[in-house]
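Q: If you scroll down you'll find the structure; I have some questions about it.
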(Lines of atoms letter the chains of each structure in order from A and count residues from 1; the text may use other names and numbers.)
(Lines give C-alpha, C1' and ligand atoms only; values in the text may rest on other atoms or scores of the structure.)
Protein backbone atom coordinates (compact mmCIF):
# COMPACT_ATOMS: atom_id res chain seq x y z
CA UNK A 1 0.00 0.00 0.00
CA UNK A 2 2.73 2.46 0.99
CA UNK A 3 4.56 1.73 -2.27
CA UNK A 4 1.46 2.61 -4.31
CA UNK A 5 0.93 5.80 -2.34
CA UNK A 6 4.57 6.71 -2.79
CA UNK A 7 4.14 6.34 -6.54
CA UNK A 8 1.06 8.55 -6.42
CA UNK A 9 2.80 11.27 -4.45
CA UNK A 10 5.77 11.11 -6.80
CA UNK A 11 3.31 11.56 -9.66
CA UNK A 12 2.27 14.91 -8.25
CA UNK A 13 5.40 16.36 -9.84
CA UNK A 14 3.68 15.95 -13.20
CA UNK A 15 3.06 19.39 -14.75
CA UNK A 16 -0.30 20.30 -16.24
CA UNK A 17 -0.58 23.56 -18.16
CA UNK A 18 -3.37 25.90 -17.10
CA UNK A 19 -4.81 28.90 -18.94
CA UNK A 20 -5.55 30.62 -15.64
CA UNK A 21 -4.40 30.37 -12.06
CA UNK A 22 -7.04 28.85 -9.81
CA UNK A 23 -6.81 27.87 -6.12
CA UNK A 24 -7.76 24.28 -6.79
CA UNK A 25 -10.28 22.27 -8.76
CA UNK A 26 -11.20 18.61 -8.58
CA UNK A 27 -10.66 16.94 -11.96
CA UNK A 28 -10.98 13.29 -11.01
CA UNK A 29 -8.61 10.49 -9.99
CA UNK A 30 -5.59 9.84 -12.16
CA UNK A 31 -4.22 6.52 -10.91
CA UNK A 32 -6.26 3.46 -11.86
CA UNK A 33 -4.32 1.39 -9.30
CA UNK A 34 -6.23 3.12 -6.49
CA UNK A 35 -9.33 1.07 -5.70
CA UNK A 36 -10.06 2.49 -2.28
CA UNK A 37 -11.33 5.85 -1.12
CA UNK A 38 -8.51 8.45 -1.01
CA UNK A 39 -9.47 9.34 2.54
CA UNK A 40 -8.38 5.86 3.67
CA UNK A 41 -4.75 6.34 2.65
CA UNK A 42 -2.02 7.27 5.04
CA UNK A 43 1.42 8.42 3.95
CA UNK A 44 4.33 8.11 6.31
CA UNK A 45 5.99 11.39 7.22
CA UNK A 46 9.31 10.12 5.82
CA UNK A 47 7.73 9.27 2.44
CA UNK A 48 5.94 12.60 2.44
CA UNK A 49 9.15 14.57 3.07
CA UNK A 50 11.09 12.56 0.47
CA UNK A 51 8.49 13.21 -2.19
CA UNK A 52 8.11 16.90 -1.31
CA UNK A 53 11.84 17.29 -1.95
CA UNK A 54 11.27 16.05 -5.49
CA UNK A 55 8.71 18.75 -6.30
CA UNK A 56 10.42 21.34 -8.51
CA UNK A 57 9.54 25.03 -8.50
CA UNK A 58 7.31 25.99 -11.42
CA UNK A 59 4.67 28.51 -12.41
CA UNK A 60 2.60 25.75 -14.00
CA UNK A 61 -0.19 23.74 -12.41
CA UNK A 62 0.37 20.55 -10.41
CA UNK A 63 -2.08 17.79 -9.57
CA UNK A 64 -2.43 15.54 -6.55
CA UNK A 65 -2.81 12.00 -7.86
CA UNK A 66 -4.21 10.78 -4.58
CA UNK A 67 -7.44 12.78 -4.80
CA UNK A 68 -7.27 14.67 -8.11
CA UNK A 69 -7.05 18.24 -6.85
CA UNK A 70 -5.14 20.76 -8.97
CA UNK A 71 -2.88 23.45 -7.49
CA UNK A 72 -1.10 26.31 -9.28
CA UNK A 73 1.69 26.67 -6.71
CA UNK A 74 4.23 24.22 -5.35
CA UNK A 75 3.69 25.37 -1.78
CA UNK A 76 -0.10 24.87 -2.11
CA UNK A 77 0.39 21.29 -3.27
CA UNK A 78 2.93 20.57 -0.54
CA UNK A 79 0.54 21.90 2.08
CA UNK A 80 -2.30 19.85 0.60
CA UNK A 81 -0.29 16.59 0.74
CA UNK A 82 -0.54 16.74 4.52
CA UNK A 83 -4.24 15.92 4.17
CA UNK A 84 -3.27 12.45 2.97
CA UNK A 85 -0.41 12.01 5.45
CA UNK A 86 -0.59 10.95 9.07
CA UNK A 87 -0.13 14.58 10.13
CA UNK A 88 -3.85 15.03 10.71
CA UNK A 89 -3.18 17.31 13.67
CA UNK A 90 -2.05 19.93 11.11
CA UNK A 91 -5.32 19.94 9.17
CA UNK A 92 -8.15 22.38 9.94
CA UNK A 93 -11.34 20.47 10.78
CA UNK A 94 -13.50 23.37 9.59
CA UNK A 95 -12.21 23.88 6.03
CA UNK A 96 -9.73 20.96 5.64
CA UNK A 97 -6.87 23.33 4.84
CA UNK A 98 -3.53 21.72 5.76
CA UNK A 99 -0.45 23.29 7.31
CA UNK A 100 3.18 22.24 7.49
CA UNK A 101 3.45 23.36 11.11
CA UNK A 102 1.11 23.13 14.09
CA UNK A 103 1.61 26.81 15.01
CA UNK A 104 0.39 27.87 11.57
CA UNK A 105 -2.79 25.83 12.06
CA UNK A 106 -3.37 27.49 15.45
CA UNK A 107 -3.02 30.92 13.85
CA UNK A 108 -5.36 29.91 11.00
CA UNK A 109 -8.09 28.68 13.39
CA UNK A 110 -8.75 32.27 14.47
CA UNK A 111 -10.47 32.79 11.11
CA UNK A 112 -13.23 30.40 12.16
CA UNK A 113 -13.73 31.84 15.64
CA UNK A 114 -14.86 35.19 16.94
CA UNK A 115 -11.88 35.37 19.30
CA UNK A 116 -9.77 38.49 18.78
CA UNK A 117 -6.90 38.22 21.23
CA UNK A 118 -4.73 41.11 20.06
CA UNK A 119 -5.94 44.47 21.39
CA UNK A 120 -4.84 47.97 20.39
CA UNK A 121 -3.76 49.81 23.56
CA UNK A 122 -4.67 53.15 21.95
CA UNK A 123 -8.30 52.66 20.92
CA UNK A 124 -9.18 49.23 22.31
CA UNK A 125 -10.01 47.65 18.94
CA UNK A 126 -9.22 43.92 18.84
CA UNK A 127 -7.76 41.72 16.09
CA UNK A 128 -7.23 38.03 15.33
CA UNK A 129 -3.52 38.30 14.50
CA UNK A 130 -0.45 40.33 15.41
CA UNK A 131 -0.03 41.24 11.74
CA UNK A 132 -3.50 42.82 11.67
CA UNK A 133 -2.81 44.69 14.90
CA UNK A 134 0.52 45.95 13.57
CA UNK A 135 -1.15 47.18 10.40
CA UNK A 136 -3.87 48.86 12.49
CA UNK A 137 -1.30 50.76 14.58
CA UNK A 138 -0.33 52.62 11.42
CA UNK A 139 -3.78 54.23 11.37
CA UNK A 140 -2.74 56.00 14.58
CA UNK A 141 0.84 56.80 13.56
CA UNK A 142 -0.17 57.71 9.98
CA UNK A 143 2.79 55.62 8.83
CA UNK A 144 2.47 54.35 5.24
CA UNK A 145 5.52 52.24 4.44
CA UNK A 146 4.20 50.73 1.20
CA UNK A 147 4.75 52.99 -1.81
CA UNK A 148 3.53 52.43 -5.39
CA UNK A 149 6.38 52.89 -7.87
CA UNK A 150 3.93 53.81 -10.63
CA UNK A 151 1.93 56.63 -9.04
CA UNK A 152 3.74 57.16 -5.70
CA UNK A 153 0.57 56.54 -3.69
CA UNK A 154 1.36 55.16 -0.22
CA UNK A 155 -0.39 52.60 1.96
CA UNK A 156 -0.36 51.51 5.59
CA UNK A 157 -1.04 47.83 4.91
CA UNK A 158 0.44 45.36 2.44
CA UNK A 159 -3.03 44.06 1.52
CA UNK A 160 -4.27 47.48 0.42
CA UNK A 161 -1.00 48.00 -1.45
CA UNK A 162 -1.34 44.71 -3.36
CA UNK A 163 -4.95 45.48 -4.27
CA UNK A 164 -3.91 48.93 -5.52
CA UNK A 165 -1.21 47.48 -7.78
CA UNK A 166 -3.88 45.61 -9.72
CA UNK A 167 -5.20 48.99 -10.91
CA UNK A 168 -1.98 49.38 -12.89
CA UNK A 169 -1.53 45.74 -13.93
CA UNK A 170 -5.22 45.32 -14.83
CA UNK A 171 -5.00 41.95 -13.09
CA UNK A 172 -8.37 40.46 -12.12
CA UNK A 173 -7.69 37.10 -10.49
CA UNK A 174 -11.13 36.61 -8.94
CA UNK A 175 -13.70 35.33 -11.45
CA UNK A 176 -17.43 34.72 -10.97
CA UNK A 177 -18.33 31.05 -11.48
CA UNK A 178 -21.76 32.03 -12.79
CA UNK A 179 -21.08 34.72 -15.42
CA UNK A 180 -17.24 34.71 -15.60
CA UNK A 181 -16.97 38.41 -14.77
CA UNK A 182 -13.57 39.04 -13.17
CA UNK A 183 -12.56 41.30 -10.28
CA UNK A 184 -9.33 42.66 -8.87
CA UNK A 185 -10.18 41.79 -5.27
CA UNK A 186 -12.10 39.10 -3.43
CA UNK A 187 -14.43 41.57 -1.69
CA UNK A 188 -15.81 42.88 -4.98
CA UNK A 189 -16.41 39.31 -6.19
CA UNK A 190 -18.26 38.47 -2.97
CA UNK A 191 -20.46 41.54 -3.41
CA UNK A 192 -21.06 40.73 -7.09
CA UNK A 193 -22.21 37.17 -6.30
CA UNK A 194 -25.21 38.62 -4.49
CA UNK A 195 -26.57 39.68 -7.89
CA UNK A 196 -26.98 35.98 -8.71
CA UNK A 197 -28.11 34.85 -5.25
CA UNK A 198 -30.33 37.89 -4.59
CA UNK A 199 -28.80 37.95 -1.12
CA UNK A 200 -29.33 41.26 0.69
CA UNK A 201 -27.82 40.92 4.17
CA UNK A 202 -27.91 44.61 5.14
CA UNK A 203 -31.26 45.65 6.64
CA UNK A 204 -32.50 49.17 7.37
CA UNK A 205 -33.71 49.32 10.99
CA UNK A 206 -36.16 52.10 10.12
CA UNK A 207 -38.10 50.67 7.17
CA UNK A 208 -36.72 47.09 6.91
CA UNK A 209 -35.55 47.62 3.32
CA UNK A 210 -32.65 45.30 2.47
CA UNK A 211 -29.45 45.91 0.52
CA UNK A 212 -26.68 43.84 -1.04
CA UNK A 213 -23.93 46.29 -0.03
CA UNK A 214 -23.23 48.06 3.25
CA UNK A 215 -22.48 51.29 1.35
CA UNK A 216 -25.95 51.24 -0.19
CA UNK A 217 -27.50 50.86 3.27
CA UNK A 218 -25.47 53.82 4.59
CA UNK A 219 -26.64 55.98 1.69
CA UNK A 220 -30.23 54.84 2.21
CA UNK A 221 -30.17 55.76 5.91
CA UNK A 222 -29.58 59.36 4.89
CA UNK A 223 -33.05 59.40 3.28
CA UNK A 224 -34.52 58.95 6.76
CA UNK A 225 -32.28 61.44 8.52
CA UNK A 226 -32.43 63.94 5.60
CA UNK A 227 -28.74 64.50 6.30
CA UNK A 228 -26.66 65.81 3.40
CA UNK A 229 -23.07 65.96 4.63
CA UNK A 230 -21.38 66.55 1.26
CA UNK A 231 -21.34 70.21 0.15
CA UNK A 232 -20.21 71.69 -3.17
CA UNK A 233 -17.38 74.18 -2.65
CA UNK A 234 -18.57 76.29 -5.60
CA UNK A 235 -22.32 76.69 -5.06
CA UNK A 236 -22.77 75.17 -1.56
CA UNK A 237 -25.38 72.69 -2.77
CA UNK A 238 -25.45 69.67 -0.45
CA UNK A 239 -25.74 65.97 -1.20
CA UNK A 240 -26.41 62.79 0.73
CA UNK A 241 -23.78 60.86 -1.24
CA UNK A 242 -20.19 61.71 -2.05
CA UNK A 243 -20.61 60.19 -5.52
CA UNK A 244 -23.44 62.60 -6.28
CA UNK A 245 -21.27 65.52 -5.20
CA UNK A 246 -18.47 64.40 -7.53
CA UNK A 247 -20.89 64.14 -10.44
CA UNK A 248 -22.33 67.57 -9.61
CA UNK A 249 -18.86 69.15 -9.48
CA UNK A 250 -18.37 68.38 -13.17
CA UNK A 251 -21.16 70.86 -13.95
CA UNK A 252 -18.91 73.68 -12.78
CA UNK A 253 -15.86 72.43 -14.69
CA UNK A 254 -17.96 71.94 -17.84
CA UNK A 255 -16.17 68.62 -18.25
CA UNK A 256 -18.00 65.84 -20.05
CA UNK A 257 -15.61 62.94 -19.96
CA UNK A 258 -17.60 60.16 -21.61
CA UNK A 259 -18.46 60.57 -25.28
CA UNK A 260 -20.68 58.33 -27.42
CA UNK A 261 -18.71 57.17 -30.47
CA UNK A 262 -21.90 56.85 -32.52
CA UNK A 263 -23.57 60.24 -32.07
CA UNK A 264 -20.86 62.20 -30.19
CA UNK A 265 -23.18 63.00 -27.29
CA UNK A 266 -21.15 63.56 -24.10
CA UNK A 267 -21.93 62.54 -20.52
CA UNK A 268 -20.62 63.37 -17.08
CA UNK A 269 -20.78 59.77 -15.88
CA UNK A 270 -19.78 56.46 -17.44
CA UNK A 271 -23.05 54.88 -16.27
CA UNK A 272 -25.02 57.52 -18.19
CA UNK A 273 -23.06 56.73 -21.35
CA UNK A 274 -23.62 53.00 -20.87
CA UNK A 275 -27.37 53.55 -20.52
CA UNK A 276 -27.37 55.90 -23.54
CA UNK A 277 -25.64 53.34 -25.79
CA UNK A 278 -28.67 51.08 -25.46
CA UNK A 279 -30.59 53.66 -27.49
CA UNK A 280 -28.40 52.66 -30.41
CA UNK A 281 -28.17 48.93 -29.70
CA UNK A 282 -31.81 48.46 -28.58
CA UNK A 283 -30.41 46.29 -25.81
CA UNK A 284 -32.84 45.76 -22.92
CA UNK A 285 -31.06 43.62 -20.32
CA UNK A 286 -33.46 44.23 -17.42
CA UNK A 287 -36.48 41.90 -17.44
CA UNK A 288 -39.53 41.94 -15.18
CA UNK A 289 -39.87 38.60 -13.36
CA UNK A 290 -43.67 38.89 -13.35
CA UNK A 291 -44.60 39.81 -16.94
CA UNK A 292 -41.22 39.42 -18.70
CA UNK A 293 -41.30 42.97 -20.08
CA UNK A 294 -37.76 44.22 -20.71
CA UNK A 295 -36.14 47.58 -20.10
CA UNK A 296 -32.95 49.36 -21.09
CA UNK A 297 -32.41 50.82 -17.62
CA UNK A 298 -32.63 49.28 -14.16
CA UNK A 299 -34.50 52.27 -12.71
CA UNK A 300 -37.19 51.88 -15.38
CA UNK A 301 -37.59 48.25 -14.33
CA UNK A 302 -37.88 49.29 -10.67
CA UNK A 303 -40.60 51.81 -11.51
CA UNK A 304 -42.43 49.22 -13.61
CA UNK A 305 -42.26 46.60 -10.83
CA UNK A 306 -44.36 48.89 -8.62
CA UNK A 307 -47.30 48.37 -10.99
CA UNK A 308 -47.37 44.74 -9.87
CA UNK A 309 -46.78 45.31 -6.16
CA UNK A 310 -49.09 48.36 -5.99
CA UNK A 311 -46.43 49.94 -3.79
CA UNK A 312 -46.38 53.75 -3.67
CA UNK A 313 -43.15 54.82 -1.95
CA UNK A 314 -43.24 58.52 -2.88
CA UNK A 315 -45.35 60.64 -0.50
CA UNK A 316 -46.34 64.29 -0.75
CA UNK A 317 -45.11 66.16 2.33
CA UNK A 318 -48.08 68.54 2.16
CA UNK A 319 -51.12 66.27 1.78
CA UNK A 320 -49.53 62.83 2.32
CA UNK A 321 -50.84 61.49 -0.99
CA UNK A 322 -48.62 58.68 -2.27
CA UNK A 323 -47.36 57.83 -5.75
CA UNK A 324 -45.70 54.87 -7.44
CA UNK A 325 -43.26 57.02 -9.41
CA UNK A 326 -41.17 60.01 -8.43
CA UNK A 327 -42.10 62.16 -11.45
CA UNK A 328 -45.81 61.75 -10.60
CA UNK A 329 -45.03 63.17 -7.16
CA UNK A 330 -43.16 66.09 -8.74
CA UNK A 331 -46.11 66.87 -11.01
CA UNK A 332 -48.50 66.64 -8.08
CA UNK A 333 -46.34 68.95 -5.93
CA UNK A 334 -46.95 71.76 -8.43
CA UNK A 335 -50.64 71.76 -7.47
CA UNK A 336 -49.70 73.03 -4.02
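All positions are counted from 1 along the displayed chain.
A Cβ is built for glycine as well, from the same backbone N, Cα and C atoms used for every other residue.
Feature list, courtesy of TrEMBL:
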- 62-89: domain 'C2H2-type' (DOMAIN)
- 90-117: domain 'C2H2-type' (DOMAIN)
- 118-145: domain 'C2H2-type' (DOMAIN)
- 146-173: domain 'C2H2-type' (DOMAIN)
- 174-201: domain 'C2H2-type' (DOMAIN)
- 202-229: domain 'C2H2-type' (DOMAIN)
- 230-257: domain 'C2H2-type' (DOMAIN)
- 258-285: domain 'C2H2-type' (DOMAIN)
- 286-313: domain 'C2H2-type' (DOMAIN)
- 314-336: domain 'C2H2-type' (DOMAIN)
Q: Do any residues of this chain, six or more beyond the ends of the domain 'C2H2-type' (202-229), have a C-beta under 8 angstroms from a C-beta of it, and if so which?
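A: Sequence-distant neighbours of the domain 'C2H2-type' (202-229): 191, 194-195, 238-241.
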Q: Going by DSSP, how much of the domain 'C2H2-type' (174-201) is helix, how much is strand and how much is coil, in residues?
A: 12 helix, 4 strand, 12 coil
Q: Residues sitting near the domain 'C2H2-type' (174-201): Cβ under 8 Å, six or more positions beyond its termini, same chain?
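A: For the domain 'C2H2-type' (174-201), the list is 20, 163, 166-167, 210-213.
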